[in-house]
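Quick look at what TrEMBL lists:
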ACT_SITE  His10  active site, tele-phosphohistidine intermediate
ACT_SITE  Glu88  active site, proton donor/acceptor
BINDING   9-16, 22-23, Arg61, 88-91, Lys99, 115-116, 184-185  substrate binding site
SITE      His183  site 'Transition state stabilizer'
Amino acid sequence: MSLTLILLRHGESEWNAKNLFTGWVDVDLNAKGEAEAQRGGELLVENDLLPDVLHTSLLKRAIRTSQIALQVADRHWIPTKRHWRLNERHYGALQGKDKAATLAEYGEEQFMTWRRSYDTPPPPIDNDDEFANFHDPRYAALPPELRPQTECLKDVLNRALPYWYDEIVPDLGAGKTVLVAAHGNSLRAIVKHLDQMGDAEVVGLNIPTGIPLLYQLNDDYTPVTPGGRYLDPAAAAAAIEAVKNQGKKK
Ligand SMILES: O=C(O)[C@@H](CO)OP(=O)(O)O
């Protein structure tokens, strides 16, 4: 019998719509994002996928997306664990910056290196910057050296993996249907791990907002079907293109 994992990127946020680098900035969903979360919940119901346990980041766009989707599925009551290790990749000094303006200022190569390279982080953010997170009370219990000032995808994978093994794998192993509501880049890290993608291959991986991605896993936690399956493949394909081209729109 296979194990069931559902990955859900939050619906569109106010800053996704404005084309701003977001990272750890706690931006809310916009109306479109709420509708995407609603549709995500409907897709769960249509596919008879009723989560038994929820794991989310500490950011409200993921938390609210999961709440809306689970409400639709009448599973708002399931046990929930939240952790900073599922947060979006910290975007360093790019947080709050316009993607199109950044592309114009630094050029395509640098822009894409910062957005998608596996191991090159953006410049670090100053801890007193208006978009820094160092003094945020939700991270107060974290040792200062664990509070990032920037992260590349490799950093995200390294901080997400302990959570994957310590918290998510035991729930999967217990036969629970597990919903992970998180972010474009923290989910890219988890998918890279699941599908054993190479460092160069993951550069081309984009995750759309609000469309559940289903992985059936073998007993050894490898995917039955590499890449999993989006519950709305046509919408996912279109949305993946849109994510890829962010920055190019004016
Ligand atoms: O701004 C961000 O935090 C992320 C996700 O929205 O953007 P990108 O897709 O450019 O990595």
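Yeah, the Cβs are placed from backbone N, Cα and C, and that goes for glycine too.
A TrEMBL annotation is a machine prediction, not a hand-curated record.
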> Of the binding-site residues Arg9, Glu12, Trp15, Gly23, which ones put their CB under 6 Å from ligand 1?
Replying inline: Gly23
> Which is it, of Gly23, Gly184: the one of these binding-site residues whose Cβ has the most other Cβ atoms within 10 Å?
Replying inline: Gly23
> Fewest neighbouring Cβ atoms within 10 Å: which of the recorded positions Arg9, His10?
Replying inline: Arg9
> Could you state the CA-to-CA distance between Glu12 (substrate binding site) and His183 (site 'Transition state stabilizer') to the nearest Å?
Replying inline: 11
>> I want to check the contact list for Glu88 (active site, proton donor/acceptor): same chain, sequence separation of six or more, C-beta distance under 8 angstroms. What comes out?
In response: Thr22, Gly23, Trp24, Ser57, Leu59, Ala182, His183, Gly184, Asn185, Ser186
> Between the binding-site residues Arg89, Lys99, whose Cβ has more other Cβ atoms within 10 Å than any of the rest?
Replying inline: Arg89
> Including all protein chains displayed, how many Cβ atoms other than that of Trp15 (substrate binding site) lie within 10 Å of its Cβ?
Replying inline: 20
